[in-house]
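Engineer: A single structure is presented below for examination.
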Amino acid sequence: MALNAQPATNGHADSLASSSSLSADINPPVTNGVNGQSLTTRVQVVNEDKEFSKDLGDHIERWGLHNAGFGYDVVAVFGSQSTGKSTLLNRLFGTTFDVMDESNRQQTTKGIWMCRAQNMNVMVMDVEGTDGRERGEDQDFERKSALFSLASSEVLLVNLWEHQVGLYQGANMGLLKTVFEVNLGLFGKRRLDEATRQRTLLLFVIRDHVGSTPLANLQKTLTLDLTKIWNGLSKPEGLEDCQLTDYFDLAFTTLSHKVLVPEKFETDVQSLRKRFTDRDDPNFVFKPAYHKRIPADGVAHYMESIWEQVQSNKDLDLPTQQELLAQFRCDELATLALEMFNTQAKSVRKPVEAGQVVEGLGGMMQSWKNESMARFDRDASRYHPGVYARKRADLVAQINSGLGPLFLGQLKNLHKFALSSFKKEVLAGIKGDGYDFGEVVLGATARNEGLFREGATEVLLPDTDWSYEEELQQLSHDISLIADQCRADETKKMVSNIERTIKKQMSESIEHSLNQATPDMWDNVLRTFKETLAKAEATYLGKATSFNCTEEENTTSLAILRKRAWQALRAKVDEQLTDLTFLAKLKSRFEEKFRYDKEGVPRVWKPDDDVDSVFRAARDELIPLFSKIQPKDRSLEFSLPSDSDDSTLTDEGEFDFEATLVVFTEAKQADLSTRFRRDADAYYVEAKRSMVSSIAQIPTWIYGVMVVLGWNEAMAVIRNPIYFLLLLMGLAGFYIVVQLNLSGPLYNVAKSVGNEVHRQASQRIREQFAEPPQPQLTRPMTNGTSDEYEPRRRQTDDSRSSLYPEKEL
Ligand SMILES: Nc1nc2c(ncn2[C@@H]2O[C@H](COP(=O)(O)OP(=O)(O)OP(=O)(O)O)[C@@H](O)[C@H]2O)c(=O)[nH]1
């Protein structure tokens with residue numbers, strides 16, 4: 001048979017609908033809007049085939065009790081078949097259970113039904129009547145339903161007719177015996193103390209109370225019967241002396257005859273209802289001690305597992321069931337909380353994976369975690385505390401492990417960001433002049449490590465074993481690597497700058513020394529070089545302290561600096577001693593040596609001078625001097641290790657210092673010598689010629705002859721006053737011209753006058769002796785191509801005849 005869930009539309013519910021007395025207290029069924037169904041929709045929890053409904057959870061949700069926590073109660077009714085149980089429940093709670101049709105008198109309630117009480121957070125269970133005619137001798141269901149109701153309900157209503165009191169069978173004593181027995185099975189296995197012991201209220205409702213036997217008497221009879229049953233039970237070991245009242249509270253009430261005195265019946269129902277609704281009523285039934293402490297959202301699962309246990313005839317241990325329920329529900333709630341967390345965390349997973357530093361990630365992570373934990377705590381904390389604590393710890397661990405990759409990702413991204421920001425800062429800091437490299441690096445390191453630490457602290461959640469120390473150490477290491485690289489670059493730059501300065505400083509002095517080409521030329525060059533290098537090294541060391549360079553780095557850099565300086569010197573020497581420059585230098589130097597004497601006066605070679613040896617000395621002295629860098633003073637010698645390992649800083653191959661000392665190789669020297677000899681030989685020849693010309697001068701004796709022959713003329717000028725006066729005037733004029741420096745202008749004037757006189761004279765002579773002008777020849781008409789030659793031919797022809805007719809005449 002299928003399980004039912006029916007709204008209150010059954011025709012048998014007319015007795016409820018027609019009840020005017022209840023209408024004042026119980027409002028008409030209200031709907032909760034879920035599929036338009038009534039809040040008082042009932043559900044068959046267990047059907048006739050003893051199958052448990054899968055819909056109970058949905059119904060509890062529909063009844064709006066799902067989130068009630070512990071704020072709900074469960075009441076069940078027991079009693080023989082057709083004793084007005086459903087009628088009573090409907091009257092008391094406004095439920096919609098089926099009521100038997102009077103004309104038919106057939107069993108109506110089959111299995112176990114449940115319905116929510118109207119305007120009350122109460123779940124009401126209508127249990128199939130005992131002594132079921134329909135089930136015959138099937139006592140199994142009776143026992144199982146009793147067990148189930150006892151495990152789930154706080155209050156058990158035991159419904160019986162007044163006339164059944166005192167009877168064993170009629171008063172359901174058999175059923176009650178079963179209840180007591182199963183109760184010992186359920187709760188008796190553990191000796192629970194007063195505080196933790198779960199109690200159940202047995203509320204006996206004596207129907208059709210006529211009034212002749214007062215309630216007190218009926219109560220007494222029933223209590224005696226119950227005690228008798230209890231004492232007759234075989235109790236488990238250790239619980240032999242436990243009393244009925246240790247587990248049950250007994251309460252009794254009567255209801256008047258429904259048919260004979262319906263008004264009185266209604267009044268009794270109303271006052272009984274008050275015991276369920278009015279918390280201030282001294283007989284209020286829903287005492288906290290009766291509550292089974294199952295949160296409302298776990299009721300469906302709890303009841304189902306109870307029924308499974310009951311159905312499979314396994315021992316039912318409620319505390320264990322509660323723990324199992326707690327585990328089940330806590331798992332469910334943890335899954336929900338985790339889903340909620342994952343949905344929230346998903347939004348930042350991508351950017352973090354893509355390498356972005358997500359601002360305020362730690363705050364977000366904490367809030368997701370808090371929200372998810374709050375969601376879990378709200379429902380799960382109502383379950384078994386031990387299970388809840390365990391599951392909570394599991395959930396925290398799961399959430400933390402979900403957040404772990406975000407934490408690590410954020411650390412990685414912060415690392416990357418801090419590293420690149422460090423690099424940028426250092427590069428920006430060392431732009432321009434006047435910076436202290438060490439300070440720039442220290443500042444950038446502190447700032448970016450601080451930045452990382454700040455970001456990492458923000459993302460570090462409190463109740464985790466996470467740490468960012470390792471990543472921070474890695475960052476510091478990477479930063480120092482970059483700083484080292486920058487320092488190496490800076491050092492390189494500095495060495496290059498110093499090298500430039502060295503070049504500038506040495507240049508002029510070296511040029512001068514090489515031009516002088518004195519025997520101590522290399523001494524001067526090396527002295528200048530060493531002084532400049534010493535200054536450069538001092539500059540380097542001064543700057544290197546701010547770079548935080550290590551001793552080793554300084555040694556390497558200085559070695560490079562020395563080598564570069566030496567190479568600069570060599571380059572300068574090479575520049576000054578290119579073939580052409582050197583030949584020119586040789587020439588001028590040779591000229592200087594060969595053509596001028598030590599005082600710089602031009603040499604006049606005399607026949608007895610040893611031109612050849614002077615020439616050879618001048619020629620052969622210079623090339624050896626320049627061919628090797630070799631100072632006269634040995635203390636000025638400079639040396640470098642040939643195998644200095646600076647291949648990282650220069651692109652050059654192997655460095656051989658000794659080779660660099662050689663300016664001209666043997667072959668080069670020979671070549672230069674040959675080329676120079678041609679020029680030098682020319683000077684030699686010139687010197688020889690000048691010797692010859694000096695030999696060809698006027699002999700001295702000629703001057704003696706001239707004095708002897710001119711003696712008379714000189715005497716005549718001295719003795720003649722006119723000649724003498726003219727001589728004096730001439731000398732005076734010469735003196736004035738020399739004193740006033742007029743020799744130049746006078747020379748020019750004289751030259752111009754001379755030129756003019758010469759020109760005039762030439763013209764006169766030409767006029768005097770010139771031939772008469774030639775007549776103009778008419779150019780003949782020709783069409784030939786040789787016009788240019790024609791006049792010349794004619795001129796040649798006519799020269800013999802009529803070209804100058806006057807002359808011929
Ligand atoms: N005499 C009398 N009859 C009643 C009383 N209450 C209900 N009845 C009648 O008893 C019959 C059975 O009522 P139900 O409420 O269906 O009884 P039940 O115990 O739920 O029956 P099952 O569910 O079949 O076990 C109906 O005809 C009712 O009208 C009452 O207080 N006194």
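Including glycine, each Cβ sits where the backbone N, Cα and C put it.
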Engineer: Of the ranges 1-38, 115-152, 343-380, 457-494, which one does TrEMBL list as region 'Disordered'?
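Structural biologist: Within the set 1-38, 115-152, 343-380, 457-494, TrEMBL attaches region 'Disordered' to 1-38.
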Engineer: Identify all same-chain residues not among Gly79, Ser80, Gln81, Ser82, Thr83, Gly84, Lys85, Ser86 whose C-beta atom falls within 8 angstroms of the centroid of the GTP site's C-beta atoms; report them in sequence order.
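Structural biologist: Those within range, site residues removed, are Thr109, Gly129, Asn159.
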Engineer: Other than its own, how many Cβ atoms are within 10 Å of the Cβ belonging to Ser80 (GTP binding site)?
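Structural biologist: Summing over all protein chains shown, Ser80 (GTP binding site) has 19 other Cβ atoms within 10 Å.
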Engineer: Return the residues near Gly84 (GTP binding site) by Cβ distance under 8 Å, restricted to its own chain and a separation of at least 6 in sequence.
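Structural biologist: Result: Asn159, Arg207, Lys258.
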Engineer: Return the residue, from the listed binding-site residues Gln81, Ser82, Thr83, Ser86, with the maximum count of other C-beta atoms within 10 angstroms of its C-beta.
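Structural biologist: When each Cβ's neighbours within 10 Å are tallied, Ser86 leads.
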